Every structure is written in structure tokens, then in C-alpha cells.
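Feature annotations, courtesy of Swiss-Prot:
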- 30-469: topological domain 'Virion surface' (TOPO_DOM)
- ASN61: N-linked glycosylation site (CARBOHYD)
- ASN69: N-linked glycosylation site (CARBOHYD)
- ASN70: N-linked glycosylation site (CARBOHYD)
- ASN86: N-linked glycosylation site (CARBOHYD)
- 91-469: region 'Head of neuraminidase' (REGION)
- ASN146: N-linked glycosylation site (CARBOHYD)
- ASN200: N-linked glycosylation site (CARBOHYD)
- ASN234: N-linked glycosylation site (CARBOHYD)
- ASP293, GLY297, ASP324: Ca(2+) binding site (BINDING)
- ASN402: N-linked glycosylation site (CARBOHYD)
Amino acid sequence: MNPNQKIITIGSVSLTIATVCFLMQIAILATTVTLHFKQHECDSPASNQVMPCEPIIIERNITEIVYLNNTTIEKEICPEVVEYRNWSKPQCQITGFAPFSKDNSIRLSAGGDIWVTREPYVSCDPGKCYQFALGQGTTLDNKHSNGTIHDRIPHRTLLMNELGVPFHLGTKQVCVAWSSSSCHDGKAWLHVCVTGDDRNATASFIYDGRLVDSIGSWSQNILRTQESECVCINGTCTVVMTDGSASGRADTRILFIKEGKIVHISPLSGSAQHIEECSCYPRYPDVRCICRDNWKGSNRPVIDINMEDYSIDSSYVCSGLVGDTPRNDDSSSNSNCRDPNNERGNPGVKGWAFDNGDDVWMGRTINKDSRSGYETFKVIGGWSTPNSKSQVNRQVIVDNNNWSGYSGIFSVEGKSCINRCFYVELIRGRPQETRVWWTSNSIVVFCGTSGTYGTGSWPDGANINFMPI
């Protein structure tokens, strides 16, 4: 090869290398620009698909820095899109219940500023559980606590804290309410808050911290709701509300709410005669509630809510071991699945149960006449067989020498199944303990377990003689 050919060859190779390097730099620059500005295109549908017209909530936005040959590329990670809950997983199979939480509010009130409350409940968002209660507008060691046995005053508010955190002075007052229900649809909290005159109360519907809708009393006789969590499926939440006599015929309606707006109201239908203070749980694709018949029955009413067509059916828990208080002795109590048993129906107490195939898990006071003690058990055939009384897996939650109160259910979604949990209200003060002038409560919480468990009793534990009068 002569010198001229060598020069031409070397020049050609150099030009080729330079061209390749130039193209690589252009590619790197294009990649950088594309990654930086393409965040909004993540998971975009094909051009012939219709995008839903609804807001997308961004939980977090993370920037990753990747180093390529001394060139820095800032890569925007696609944000998570928050979805509505649908509760489509199966119910967890359990052997019983294990302790989960206890707030010790009354014991702490002996030496600290803790709210006077009643009607507590628990509900969870997708990541965390919260405890709620209706405050009396006062702490316990305060003269305003005198007379807090009364249910409905304009100073009552719905309190909300992380589960296990007592209602201290820094507790958030979510709304004005002497009756309430709360639930999280996967995107935000819905609070149903009832307050006002007995003959003309108002229910406010607060979603994501904003008042969205309201409804007034329809029977002018103490509009009221569940005192435990409502349930949301695919963005629609349902809550049971009653207006009318507490010991006679009343008007119960089931409301359907979408992001705080009432979208439908269904009347109660089926064989249930009286409905109060329902404890509801998701049973995909529908919702099921176990309630309190304060008129005719010590067996608990059941409401089945169809979330698609808004239809309602009702009946009674089949178990002959009935769940309300007061009630007959177990040997003489009855239930035929369809009708109230006409056994000591009035007054009653809020409670819960849930189906497990043909069986039923349930909780109730140990004392058949008053709100003392608390027990749970499963009744074989208790969901499908009239007057079934075969009891297994009994547990004592609160021994019969200590006071209990209301109880209710809440559901927690796990990786593979939906667990059922319950809380027990531990009432202290009046009317049973007349040394003091106040009425308040603490709570204890248990959740279903597939493991083994021991025994115990978890009462409130406060010495009434140590408490402010």
C-alpha cells in the first residue's frame, strides 16, 4: 500500500469512528430528554382506548439517578395510581381470635387529660388502622364530665386517632356528631356524622376532609347510624341509617355514597322488624350487616346489600345461641332464621357476627341480663340451620366480673385474604358505678388468627376509687 492509500485509509477509519461517536452522543442526549419528559406517558393506553374522566391521586414521585459513561440521566419513576378498594379476596379461615390493641383510656384519665367518650369503633385505610369515638366535649377530670351519661348533646364530636393512641387533647375532631360511621374507599375517608335536634337532626357526609352532601331527618325521631365502620366497594360506600322509634316500628334506609355524594337510597326490605347500630363487613361483591333489634328480638337481624342494583334483603341469624343482651338462657333461646324471636327484644346492645360457610362466628356479653363480661365462639350450622346450638372455640375476652358494652366488627385486607377483627367497648362510670358523675370507656381489640392462642381477660382495669369524681 503506497503512502497515499495509507493516508486515505487512516482518514476513512478516523471519520467513521468520529461519526459513530457523534451518533452515540446524539442517542444519549435523546434518551435523556425522552426519559425526563415522558413521565406522563407511563402506562398510557393505546390510541383507540378511552381514558376515564376521573382524578388520579399521586402518592409519591421518586427520582432515580443512573450513571452512564459519565453522563447523568434523571429517570422519573411512574407514580402509583391509588385505586378503589373492592374487597374481592376470600375471607381468612381462622381458629379464633388473638389480642391486637388496648388503649387503657380510663386508667390514663386518672392522671392525664383524656377525652370522655362512648360509642367507639375501629376502621382501617389500606395502610393503617384508626380508632374512632364520639367525644363529649370534655376531658374526664373536668366538671363538664358531670352528666356525660347522656347520648345526644351539641358538643359531641367524632374523634380519630391511630389505633392504640388514647384520645388526648391533641386528638383531631373530625366532625360534629352524636352518631357516626366512617370508612375508607381506597382513596379517601368518608365520615357520616349525625347531630342536631332529636326531632330534626342532620347527617353530614364528609369526604376527603370536605363536606360534600347532607340529609335531614325523615321521621323526626332521632336519625341515627351504625356506630361502626361503613363499607366501600369499587368506590361506592354503603351505610345503614334508622329514624323512628327505638322500641317500635322505625324507618330504616340504606344509603349509597360515591365520594361523599348520596347516589341512591334503598328502603329496608325482607323480614327484619327493627334495625339499629349495624356492624357491616364486605362480602364481595356485596355487603352484609349484623344489627340490633331493639323491639322484638334478641336474635340479631341480618341485612344483605347488593352493591350493583341497590337491592336489599333481611333476615335473622339462625343460631339459637343468640347474640343480644338481654336474652333468655341458652337452653330456652330460639331463632328460626327469618323472624324476631320475641324474647326480651328491648333494649339490646350493639354487637356483631359473621358467616363462615354454614357456621357463624359471634361475640356477646357473658351476662345474659346486663353488659358485663364478653365472649366469642363459633356456632356449627349457626348461619344455615334454624336454632343451631353447637358451640365450639369459645374464648373469654372480658371476665364476667367486669363491664363491657358495645362491640363491632372491622375488616383488614391481607396479602391473600380478608381478616375479621372486632373491638369491645369497656364502659366505666354511670349508670353502674355511681361513685362518679361521668360515663366513659376504653377499648380492647382482637383479630382473627389461624394459629393457636391462650386464655385471659382484658377488662378496662381502672380502679374507680382512683378516678376523679
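Every residue, even glycine, has its Cβ placed from backbone N, Cα and C.
Here the structure is a predicted model, which means the values were calculated and not measured.
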Proximal but sequence-remote residues of the same chain as ASP324 (Ca(2+) binding site) (Cβ under 8 Å, at least 6 apart): ARG292, ASP293, GLY297, SER298, ASN299, ARG300, ARG344, GLY345, GLY348, VAL349, GLY351, ARG364
Assigned element (helix, strand, coil) containing ASN402 (N-linked glycosylation site), judged by DSSP: strand
Per DSSP, three-state class assigned to ASN200 (N-linked glycosylation site): strand
Shortest C-alpha distance to ASN86 (N-linked glycosylation site) - which of the glycosylation sites ASN200, ASN234, ASN402: ASN234
Mean per-residue pLDDT computed across the region 'Head of neuraminidase' (91-469): 99
Beyond the site residues ASP293, GLY297, ASP324: chain residues whose C-beta lies within 8 Å of the centroid, for Ca(2+): HIS274, ARG292, ASN294, TRP295, LYS296, SER298, ASN299, ARG300, PRO301, TYR316, VAL322, PRO340, ASN341, GLY345, GLY348
Number of other Cβ atoms within 10 Å of the Cβ of GLY297 (Ca(2+) binding site) across all protein chains: 27
Proximal but sequence-remote residues of the same chain as ASN200 (N-linked glycosylation site) (Cβ under 8 Å, at least 6 apart): GLY216, SER217, GLN220
ASN146 (N-linked glycosylation site) and ASN402 (N-linked glycosylation site), Cα-Cα, nearest whole angstrom: 23
